């Protein structure tokens, strides 16, 4: 009798343990079996929709985060040295560049500390690719290069800090009213424009940019922060550039139908899709890709997939940014 009771207890404990295991497994399903969900902790999602970090999960058929859990966060300077930064933006301090002396390595590193996920998400290759993508897109926005420029057109990023041929860019909004005498034209690496964007950005980084928009063109740390704010911030229906380039964004069925897939091309769509995407071959898109490829090569990382947006439907026609290339 005692033996039977003991066997029943062992059997009951075993059943409960199995149920706990099954229940825990169901809580960690991912991929197409779970509506595109990502695994917690950066773990791989296997072809069958389960989370883990071994070859069974991260190997052939892996659906997402296939590099496994991210390494511990590190200072950005461990991924991009001062000398590499100077090589990437080789002619930014050329005498012909109005931004000479403004965009410094130290300002870039200091600004990035306000956004600890930037360059710190995913495996080392993903982190480097994000840095290349950010500098590639912003180099296009501030380029001073031309087809036959010394060292090629993609060595002339960060030549400008202010938009050429600027306008006022003031739209009457009660939440972010234009300050008297101020203009909200494109400034900084991402060429942020319009009063409501200066207002949102200033609120996020703790600076009164509505009343002092020119801080984006006179304080190099604030200037980089403005670009990183845009990069890291989702503005519905657009995801953040950060989430797209690090594959944390899962496209909806509407995105897939619009050919908006994870990759550098969708970042271009976020930034200036209304003018550049869905138009077939476009020299502006090619320019963005040229910078990106050069920077990936210097960082020793692959380009990833979906580099252009030639066949993508734009997210929308409202523009956050003022593109230097189109304003010439």
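Just so you know, glycine gets a Cβ as well, placed from its N, Cα and C.
Annotation comment: Swiss-Prot describes 1-27 as signal peptide.
As annotated by Swiss-Prot, domain 'Chitin-binding type-1' applies to 28-68, with the evidence given as sequence analysis.
Under the heading disulfide bond, Swiss-Prot lists 30-45 (among others), citing sequence analysis as support.
Residue 51 (disulfide bond) falls within a strand when secondary structure is assigned with DSSP. According to Swiss-Prot, the feature disulfide bond maps to 39-51 (among others).
Residues annotated as disulfide bond in Swiss-Prot, with sequence analysis given as evidence: 44-58 (among others). In the structure as shown, the Cβ atom of residue 44 (disulfide bond) sits within 10 Å of 25 other Cβ atoms.
Annotated disulfide bond per Swiss-Prot: 62-66 (among others), in sequence order, evidence recorded as sequence analysis. In this structure, residue 66 (disulfide bond) belongs to neither helix nor strand by DSSP; it is coil.
Non-local neighbourhood of residue 97 (disulfide bond): 91, 144, 156, 158, 159, 160, each in the same chain, at least six residues away, with C-beta under 8 Å from its C-beta. Positions annotated as disulfide bond by Swiss-Prot: 97-159 (among others).
All protein chains considered, the CB of residue 141 (active site, proton donor) has 26 other CB atoms within 10 Å. Per Swiss-Prot, active site, proton donor is recorded for 141.
In the three-state DSSP reading, residue 178 (disulfide bond) counts as coil. Within the same chain, residues at least 6 positions away in sequence whose Cβ sits under 8 Å from that of residue 178 (disulfide bond) are 168, 170, 171, 172, 184, 195, 210. If you look up Swiss-Prot, you'll see 170-178 (among others) marked as disulfide bond, on the strength of sequence analysis.
Secondary structure from DSSP puts residue 309 (disulfide bond) in coil. Residues or ranges marked as disulfide bond in Swiss-Prot: 277-309 (among others).
Fewest other C-beta atoms within 10 angstroms, among the disulfide-bonded residues 39, 51, 58, 170, are seen around 170. For the pair formed by residue 44 (disulfide bond) and residue 309 (disulfide bond), distance between Cα atoms is given as 28 Å, rounded to the nearest Å.
In space, 66 is the closest of the disulfide-bonded residues 30, 45, 51, 66, 309 to residue 58 (disulfide bond), judged by Cα positions. All protein chains shown were included, and the count of other CB atoms within 10 Å of the CB of residue 277 (disulfide bond) stands at 28.
Between the C-alpha atoms of residue 141 (active site, proton donor) and residue 277 (disulfide bond), the distance comes to 16 Å. A distance of 11 Å separates the Cα atom of residue 30 (disulfide bond) from that of residue 62 (disulfide bond).
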